[in-house]
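Per TrEMBL, domain 'U-box' is recorded for 198-272. Look at TrEMBL and you will find 11-44, 79-112 tagged as repeat 'TPR'.
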Amino acid sequence: MSPTVGAAEQAELLRQDGNSYFKKDRFGAAIDAYTEAITLCPNVPIYWTNRALCHRKRNEWTRVEEDCKKAIQLDHHSVKAHYMLGLALLQRKEYAEGVRELEKALDLGRGANPKGYMVEEIWQELARAQYLSWEHESTKRSWELQNLKEACEEALKETNLLNHMEGSEDKKEKSNINQLEVLNRVFNKAAEDDIPTEVPDYLCCKITLDIFRDPVITPSGVTYERAVILDHLQKVGKFDPVTRETLYPSQLVSNLAIKEAVRSYLDKHGWAYKMD
């Protein structure tokens, strides 16, 4: 049943009280105000996300998760709910689920306001989570490869001892060295993707030189980071910074090919998520 006009007005006043308490870092009082608003109007998602934000400030991550899930039930497009739910899941080391929620928040945020502060904040948290996940998996892979390499080297030595090769000792030693070199090349190749290098230029913005997050292409064929080129068009002038041709925001088109290339590259080279 819909709340009465009086209840809705009272709930809105309580939300404003909660906001005032929040700005003064009185998170307990803010939670009480938002809780009263929820009691009066439980189907308003912003009351749940506001309370979740207070719980986040107090590191009460279980409650953050609960409130955000309720907010998402009421509004599937709530950027803040998906964002804070992602953070809560990461706190429980649920990396895959947390990253999915952050990616959802990022996509929604870009659609609503590509230059908004939340888009940058969400990206930073997503990059951090992806980097930590890669670091954990990379360490595990490195340890496994090292153990396997040592086992292979030991097996190779035992095989050479068991085989009675004809010829000189020098010949045997040379063969053993060649086999070890081949083994080293195989394991170095296996570890290649986890070694940081330079990100290819075509995956980086011409202005920031950082790897693309939300690439857009201009009519002249130059690709930029969306927020960066929009900022340029607003503050500097309506022209392409590379070609100097006239350019308007409406002419920018998502570069889906580069976006997919970046995703594929990051999936394979998680170290590239690390922010300077």
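Glycine is no exception: its Cβ is also placed from the backbone N, Cα and C atoms.
Nobody curates TrEMBL annotations by hand; they come from automatic prediction.
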Reported in the order helix, strand, coil, what are the DSSP residue counts of the repeat 'TPR' (11-44)?
-> 27 helix, 0 strand, 7 coil
Sort the residues of the domain 'U-box' (198-272) into helix, strand and coil with DSSP and give the three counts.
-> 32 helix, 12 strand, 31 coil
